[in-house]
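Q: Quick paste of what Swiss-Prot says about this protein:
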BINDING   11, 12, 13, 14, 15, 16  FAD binding site
BINDING   270-284  NAD(+) binding site
């Protein structure tokens, strides 16, 4: 077996799979280290991909030729576009997935890279020399050399499961944790913290009274995540919706002292936006019910995931809770819910490439950086894998900023501000939402992926054809024009100002849709419907996009002012507080400095003026 690689990726979850695949696409000799190949691509918690903000990340991973979108399309059994009634900028594609189909599709994808080897075993220690990573050691003593290592351990890093009064070391239920790597991090001086997450009990769907719950169908037709998926062919299912009751809340209140979160057994912080059911009852006790989504875990699997009742209460209490919920009174619990604590690294220890500042060649992605969610992990994995391969090969860095995409927003939030709780992506975190839409991820990022060398031949050809078709369709819509009087004959009420308006102009009106302009100009009928959607969205947002483009240009000017080698003690006019914060965090740019707490606009002005003076000095002496 080969013992030396360009890149080694530790962990076969969503971050690890994307990291290994990204490194392999760049051409790096890559190894993926995992306890068992059978668990690669496993969905540890909810059987779903995407959602608000998260769906944007999946589309961005797909735009860079990542795996998650295509794998979700292969395993998806219910697709829904969330926020469909709102504007395109905040719509979120989501898919319920068959766990077995998803994992199988991911494993096939991983096996499809000839330069990607899978090594089964537990990574026990990092190896390094002269400030740079040199490889890893497994628990069985085997050593593997590498120019770059990506760690994506998820909840396995010194993982500890809690169920009622019991607790035991584990990375997932019935799977061993990764214990040795934490010692390596501590030996290197990394600041480690503890976070917590949880999962609900699993139910036998054959024992649920489906007639007592509301049924929720998916979209028809289903809209795929990946632009390379022509249509969804997997059979589609419905999900159920029920609610907790006052009786449920009484059971929880009577036993909340037995919850590890409230007994003092768990001290770490859990995800704010995915609270346990006991947290909901304690913090929102005035509500008469909390919604529960009953999500089947597979087409041929009776297991149902009750989304909304994550808990670590004792098993007998969980059974008592289920008996109080409509439709679940006689359900059989296949596996209890539980909470899990795990180590994470302070993400402020990272560069925007996700390389650590302390050890060159070491990259981190996923929950180890303090995030929560499959999609957040996948996006980080892709960025870390790209940069690990580029680092190993002596290439340029792959950095995505806040105007590039949600993956840039997330990484900047992490490395600039750090975290106090598990980080989850929302559309509200992005300043440039109008340009960072789920529908245009490929238009924003695929060209950048092509330049980096991570986009394959199939996507490259598809992207070229799509962009040409979009350009032609937009040009056609802009070339066709009509007067207000002529428009009135077609039922369109425009201001009678005598000005001709193009089809593109008409589409900018909120009440005018593509079908109406196509009825006026039959030649628009030759435009592919998928392309027409993009033209209409671009028209609707046209004026706002022009304004946001100016904002992005100003942002990029600040991002171009580098601070890497600045001696803040030599910058006159800075307050002691600003100087201390800048020294502590060492931001890369003036833009990043502005996103630190306590750095005022005045301090930014002083920094910008100082940099301009230094630049003039270098030019005059150069």
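For all residues, glycine too, the Cβ spot is worked out from N, Cα and C.
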Q: Determine the most Cβ-crowded residue among the binding-site residues 15, 274, 282, using a 10 Å radius around each Cβ and all protein chains in the structure.
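A: Per the Cβ count within 10 Å, the most buried is 15.
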Q: What does the structure give for the C-alpha distance between residue 14 (FAD binding site) and residue 278 (NAD(+) binding site)? Integer Å is fine.
A: 28
Q: How big is the gap, in Å, between the Cα of residue 15 (FAD binding site) and that of residue 274 (NAD(+) binding site), rounded to a whole number?
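A: Rounded to the nearest whole number, the Cα-Cα distance is 20 Å.
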Q: Looking at the binding-site residues 14, 272, 280, which sits with the largest number of other Cβ atoms within 10 Å of its Cβ?
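A: The most densely surrounded of these binding-site residues is 14.
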Q: Can you name every residue in this chain, apart from 11, 12, 13, 14, 15, 16, with its Cβ inside 8 Å of the center of the Cβ atoms of the recorded FAD site?
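A: Not counting the recorded site residues, we get 9, 17, 18, 19, 34, 40, 152, 154, 366, 377, 381.
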Q: What is the one among the binding-site residues 11, 12, 270 whose Cβ has the most other Cβ atoms less than or equal to 10 Å away?
A: 11
Q: Given the binding-site residues 272, 274, 278, 284, state which is nearest to residue 12 (FAD binding site) when distance is taken between Cα atoms.
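A: Of the binding-site residues 272, 274, 278, 284, 274 has its Cα closest to that of residue 12 (FAD binding site).
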Q: Cα-Cα separation of residue 272 (NAD(+) binding site) and residue 16 (FAD binding site), in Å?
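A: Per the Cα atoms, residue 272 (NAD(+) binding site) and residue 16 (FAD binding site) stand 25 Å apart.
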Q: Of the binding-site residues 11, 13, 16, which one sits closest to residue 276 (NAD(+) binding site) when you measure Cα to Cα?
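A: So, of the listed binding-site residues, the one sitting closest to residue 276 (NAD(+) binding site) is 13.
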Q: To the nearest whole angstrom, state the Cα distance for the pair residue 11 (FAD binding site) and residue 274 (NAD(+) binding site).
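A: Taking the Cα atoms only, residue 11 (FAD binding site) lies 24 Å from residue 274 (NAD(+) binding site).
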